[in-house]
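To start, the structure itself, in structure tokens.
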């Protein structure tokens, strides 16, 4: 793909995201979502591999269906209330249809089946966009409409999301699929709190995007797509593998790393809302995803291949993302001490 084409598609992604997150009218939000979908398709299928074309087709069909449901939901609401404003979604049928549409956009169970398949067929850099930037507009719509949506339905979907994200990622050997199920599991934590403390959902999303970007850029730097390849990285780039180890543990939500911060605040908020049983359930289900994070971390750092050749270790990787990886890894592991500063914001 030529640099000019990449520039056009990246600019279109930025444009689509900006239109959706800054709009008050449903039609504008829908237009932004469609621009986003059309801009990411060439980036998914740029390798021209059959698997990539299949991923792009699956992505297009699911996103087109979700966009149609967003339009249908907003039209139903406008038909009954005369309102096209995003925050004025009051009709129960519209709220239900919109919940389904956003779940389909995000890859939230029970509409999650497309996400691991698409991520597996896309390159790592596009996979990073699909896991972070492409989820920002639907999360924004969820944030804006959260007072109107059914909290019980969202809680059930969130628990299902954390459970399926953990269970389905257990026996995976492909790193991209593991990260897809990791994303589904994290979406559960974001969805469960959206009705009670929407700003916590955004905080969780920002920190998740930060940690996932660090993991994807590291994997792209060491050219790793499956666990068997990950096992050989320690002999080549020990410093980068150690960084990956810490970032994965942070993504798992272990204290005293950054990933523990949103989980801690969400559990605290759920307890305040008299939902202690729900908090216990989602915490226990997140142990499932902890298993595959530990597996990734184990493969990256503790496992050594049986027949290693003696060669010079690369203490410096020759790529442009090294500085970015360093900054993101430090942020992914050391932001927990800022937690006393957050309550006034939240």
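Using N, Cα and C of the backbone, Cβ positions are placed for all residues, glycine too.
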Quiz item: Taking 35-55, 56-76 as the choices, which stretch does TrEMBL tie to transmembrane segment?
Solution: 56-76
Practice problem: From the ranges 118-137, 178-197, grab the one TrEMBL calls transmembrane segment. | Solution: 178-197
Exercise. Kindly point out the range from 275-294, 295-314 that TrEMBL annotates with transmembrane segment.
Key: 275-294
Self-check item: Among the ranges 96-115, 152-171, 203-222, 234-255, 322-342, the one whose Cβ pairs under 8 Å to the transmembrane segment (275-294) are most numerous
Solution: 152-171
Quiz prompt | Best-contacting stretch, by C-beta pairs under 8 Å, relative to the transmembrane segment (152-171) and drawn from 56-76, 96-115, 203-222, 234-255 | solution = 96-115
Quiz item: Where else in the chain does the transmembrane segment (322-342) make close Cβ contacts, counting only residues six or more beyond its ends and a cut-off under 8 Å?
Solution: 203, 207, 210-211, 213-214, 217-218, 221, 240, 243, 246-247, 250-251, 255-261, 264-265, 316
